[in-house]
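Quick look at what TrEMBL lists:
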- 278-302: region 'Disordered' (REGION)
- 30-52: transmembrane segment (TRANSMEM)
- 72-94: transmembrane segment (TRANSMEM)
- 103-123: transmembrane segment (TRANSMEM)
- 160-179: transmembrane segment (TRANSMEM)
- 200-220: transmembrane segment (TRANSMEM)
- 226-247: transmembrane segment (TRANSMEM)
- 373-390: transmembrane segment (TRANSMEM)
- 411-428: transmembrane segment (TRANSMEM)
- 496-520: transmembrane segment (TRANSMEM)
- 540-559: transmembrane segment (TRANSMEM)
């Protein structure tokens, strides 16, 4: 890596190094320790996050809570969506009040408390203390006659579980929005190459945390118990908090410098509602209308820069908004894909060796079940393998041939792979329901729960997970690249928050669609199943998602093409761009 730069480097107008920035004394000898601490904290936090998200449907669908399949899927989508939707909140608090270091520390404390609350619901005394007692209901079909209809019961312990999940989502989103840029601060003086290498390792630490979580925690939760699994999650968060505090003397920390959110909102109101803006301005005191140059000098962008930044935001937002249906598809892999997998035949691990099984497992008549969440490893592994291949082989080859697509073109390709993933899931669900319609089912024990599955191996889900992993390489990563490179430097943090927020909007829209289709007469309305989905038409839900993705992909192609034409016009020649990849 190149050696350290001088402490003061040229920056864009309106951007100043904070006067109260705290840097370790002496030469920058501790940057490796600081960067390594950030990467380790990220790995442990991601392991905890995937430990909750990976088997959340199974946890809520278990005999301890008896949530219906659509209720569990909806809760998983709400949790995933909120963990992205709330990203601007943590970033705004850090920018205006706390600073990134303090925001991360407080977020990890909240993470610890919320994960402890979730762990408390995993054992009987904790559930009875927080939720009261639950009337036990069977998981199988509970109607006395084929034609009877029953409404789904109210989900047990819903207020406590949703509170724990939303607090976890707030903490995770705050860590996500602040730890990335905080880690980049630690190597900012070492040059662009060091920055690029940090982000490569940062991305890998995320996936290593996911692999460890899915391999270890998912197995423990499904085959041993959720209490032990959630206790390990609490331990991961506690260790991450300790490492972060222990490494504090080696960190570069910056005080809060303010946020441009209020300026953007004022400009949006001024452009959208000029009459209301004039009435609002008339009520302001005379000094409030003075330009910053006419008041006491303050750091930050000038009004002209605010207007220029707002114009850039107006151009970028339509591109990012058309990615929302892709996120609706993407987050199915941790909700409805999991629910579908629970109703496919899951093989045992070491089924032919009774000596390897405990007495409880021998009483159940089977060995350890392969965790359904292990199918998510297909997504993670394809990222771990294909990202280096793409970076070191494919992209250089396409660049030499002058065929390297732009970030916008890669995002369109990612939408195509997401479309094919949900189509494959719909076809598999059609085949599964065909077996169910002929009463060809397999009763399988997963943990303490019995599921009536079709005699189709769960490995048939592998293609849809692989396809969604490939789509992430072409949609999510270039989407981040586009949002970061096209944004002005003073708005890069805000643009990252908007990007994550819109991905959360996609997850919540998917949850809303599940709720809508679960109403009486909907494709996912099957209250007589009480936890199973064998009377639902989830295949039609998958095909509906595919249709929404296809329609918005066509809209995206038009918007992206217009964006590139405008960017390549005379205005872009006078104002060189940062490059969109």
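Placement of Cβ uses the backbone N, Cα and C atoms for every residue, glycine included.
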Exercise. Short question: which residues 6 or more past the ends of the transmembrane segment (411-428) have a Cβ under 8 Å from it?
Worked result: 323, 326, 329-330, 332, 336-337, 340, 405, 456, 460-461, 463-465, 467-468, 470-476, 478-479, 482, 539-540, 542-543, 545-546, 549-550, 552-553, 556-557, 560
Exercise. For the transmembrane segment (200-220), what are the same-chain contacts with Cβ under 8 Å, counting residues 6+ beyond its ends?
Worked result: 35, 38-40, 42-51, 54-55, 180, 183, 228-229, 232-233, 368, 371-374, 376-377, 380-381, 383-384, 387, 391, 477
Exercise. Which one, 72-94, 103-123, 160-179, 496-520, has the most C-beta pairs under 8 Å toward the transmembrane segment (540-559)?
Worked result: 496-520
Exercise. Which residues, given as numbers and ranges, are at least 6 beyond the ends of the transmembrane segment (30-52) yet have a Cβ under 8 Å from it?
Worked result: 24, 79, 83, 104, 108, 111, 115, 118, 165, 168, 172, 175, 179, 182-183, 186-187, 189-190, 198, 201-202, 205-206, 208-210, 212-214, 217-218, 221, 229-230, 232-233, 236-237, 239-240, 243-244, 246-247, 249-252, 376
